[in-house]
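Here is what Swiss-Prot says about this protein:
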- 1-24: signal peptide (SIGNAL)
- 34-111: domain 'Inhibitor I9' (DOMAIN)
- 116-577: domain 'Peptidase S8' (DOMAIN)
- Asp142: active site, charge relay system (ACT_SITE)
- Asn173: N-linked glycosylation site (CARBOHYD)
- His197: active site, charge relay system (ACT_SITE)
- 352-433: domain 'PA' (DOMAIN)
- Asn364: N-linked glycosylation site (CARBOHYD)
- Ser518: active site, charge relay system (ACT_SITE)
- Asn555: N-linked glycosylation site (CARBOHYD)
Amino acid sequence: MASLGLFLCLSSVLLMSLCQVPTAIEDERKASHVYIAYMGALPSKISYSPMSHHQNILQEVIESSSVEDYLVRSYGRSFNGFAAKLTESEKDKLIGMEGVVSVFPSTVYKLFTTRSYEFMGLGDKSNNVPEVESNVIVGVIDGGIWPESKSFSDEGIGPIPKKWKGTCAGGTNFTCNRKVIGARHYVHDSARDSDAHGSHTASTAAGNKVKGVSVNGVAEGTARGGVPLGRIAVYKVCEPLGCNGERILAAFDDAIADGVDVLTISLGGGVTKVDIDPIAIGSFHAMTKGIVTTVAVGNAGTALAKADNLAPWLISVAAGSTDRKFVTNVVNGDDKMLPGRSINDFDLEGKKYPLAYGKTASNNCTEELARGCASGCLNTVEGKIVVCDVPNNVMEQKAAGAVGTILHVTDVDTPGLGPIAVATLDDTNYEELRSYVLSSPNPQGTILKTNTVKDNGAPVVPAFSSRGPNTLFSDILSNEHSKRNNRPMSQYISSIFTTGSNRVPGQSVDYYFMTGTSMACPHVAGVAAYVKTLRPDWSASAIKSAIMTTAWAMNASKNAEAEFAYGSGFVNPTVAVDPGLVYEIAKEDYLNMLCSLDYSSQGISTIAGGTFTCSEQSKLTMRNLNYPSMSAKVSASSSSDITFSRTVTNVGEKGSTYKAKLSGNPKLSIKVEPATLSFKAPGEKKSFTVTVSGKSLAGISNIVSASLIWSDGSHNVRSPIVVYT
């Protein structure tokens, strides 16, 4: 009887244990995430089936008869890999499998949210060839577009290029034409834009010319992209919550196979290694096909080492202002005019209104909250202009009956169109207005309509644009270009560019201004496409070099972070088509550089799609990658003696001779050997070394810069030289 009791007890324990096993597995399955398995280049075997291979791998990992339920995406058009729903233990098992380079979670990337091309020199008189320009295809990986916009009209554009291999799979309520020749969506049921970001970036890069554009009369002009006759292919990966990594990689997989020439992607995710970053992975394979990829460095502000998208095969773009600024003046009751900034299209006709500030704006909040225009506080502002210590609640002010608002701002950016009259004042002018309000028994004022004036101080890098140095590749300069991004106007679903969906709060507009490095990035994509039209046989690295070495040098006195803010300088597209010399980088050079960063030979072979050996002889340090700029991180407490090795290719005239010219900081001693390069013919290559010596930088500066210019009298090939601690 005792034995029977023991048996029943043990049976119960065993039964409970068996019941708990499925529960544990189910709990782990509920906690699964989407992971991306990157498997490098596609095998060369004709019989290879990526989908079958990926399903077989999952069969081993998941141990389920229906792995199709867990496979999210299979990448197999341009490179190899897949995305799948995996538990933590399944992910760990996958990491060690043959042919898998890396496994990483599909994280959410964020969007980096008319005069600009003329300021860059790409106006109506630029040297474009219509029949060639219309052969260039710009791929836009973003949030879709609004296809009805005039910026996406195919007026004046011929048949679709024969090289195009893509399709128009735009989904619900989306139609392509000879301008927008392709569309794919990886989220929702349509490639149609929902928040204007994608329409803005697409029209900035390659929008058709639209004359007589303005934002309700402000900044009238012609909206255009860098290649107005170029084609656009749309890859919608973003939704309001963000842009998943597995979708981004799928877009790269398709875009490369579709045959785009240039890709623009204004997204970032702060990834710390290139083999777990969908943008770095996708753009690497794009580079091997000659496709240029431009990316935004982000909007993290002036703190150092916050720049995003740092892989050296990318063109990383910071923001820069143009020579146009928008002035919105405030006039107080004493007729004192205070210069402000904003885009205000409301005409108050000079009428002065009561100014509501603090107690006169609210009777249900503290003085401090009311002065900050806190939510729920503005209950006595009807028919008044509200004065706010911080930018806050403009839509709430409109709902409360305010006719306008004056905001205190500390950065240089210009706020966008508002639902009521809006002006912003800097510290000095805001304090003067505040003093008037507090001292006057009946303070009044008005906000004037915006005027567009010339900004002779441009270009500068605005405060929001992310700064270097490069945290992934310490001896490679990040923020390669500063580009017009500060308030381009474009098709706002339309710099001006398009909007299309009229998403300006409280107003309906077709074209609008947007800011952020998101808007700088497609400008450089447009420039790259422009260079591609005139130099169709150039490699991606040659185009990048041409854009970098011909950029306008910028003034470090206006940007304390110097090259960490503006990189090589401000893009100069009309000169970039004829740089004289270029620094070319082959795929093998990048792979040899990865060797020096301790990536395995096996992993690099998989990336390369063939046998690749990392030897001591083949390893290429970051410092000696044939990059168009030169950068080195050094110890602050010791003197430095650094050598850079470079090779340039002649893309100019035969029989040309270039001499080295140096400009820079007396703290650095720079020697170039040889100091003269002579070329007999185009395509000829010449090598040289640059040796930089300097004393300790301790207590002096965290960045010291100079520049090397190779000049033949008509070309000036400029490379920044940066030493930092």
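A Cβ is built for glycine as well, from the same backbone N, Cα and C atoms used for every other residue.
Everything Swiss-Prot records as a feature, shown here on the structure.
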residue: Asp142; record: active site, charge relay system; CB count, 10 Å: 28
residue: Asn173; record: N-linked glycosylation site; CB count, 10 Å: 11
residue: His197; record: active site, charge relay system; CB count, 10 Å: 26
residue: Asn364; record: N-linked glycosylation site; CB count, 10 Å: 11
residue: Ser518; record: active site, charge relay system; CB count, 10 Å: 29
residue: Asn555; record: N-linked glycosylation site; CB count, 10 Å: 12
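DSSP states for the domain 'Inhibitor I9' (34-111), grouped as helix (H, G, I), strand (E, B) and coil, give 24 helix, 24 strand, 30 coil. A mean pLDDT of 93 is what the model gives for the domain 'Inhibitor I9' (34-111). Listed in sequence order, the recorded positions near His197 (active site, charge relay system) (C-alpha within 10 Å of its C-alpha) are Asp142, Ser518, out of Asp142, Asn173, Asn364, Ser518, Asn555. Distances between the Cα of Asn555 (N-linked glycosylation site) and those of the recorded positions Asp142, Asn364, Ser518 are shortest for Ser518. Looking only at the recorded positions Asp142, Asn173, Asn364, the one with its C-alpha closest to Ser518 (active site, charge relay system) is Asp142. Asn173 (N-linked glycosylation site) and Asn364 (N-linked glycosylation site) are 48 Å apart (CA-CA, integer value).
Rounded to a whole value, the Cα-Cα separation of Asp142 (active site, charge relay system) and Asn173 (N-linked glycosylation site) is 18 Å. In the domain 'PA' (352-433), the DSSP tally of helix, strand and coil residues is 21 helix, 18 strand, 43 coil. Asn555 (N-linked glycosylation site) falls within neither a helix nor a strand when secondary structure is assigned with DSSP, and so counts as coil.
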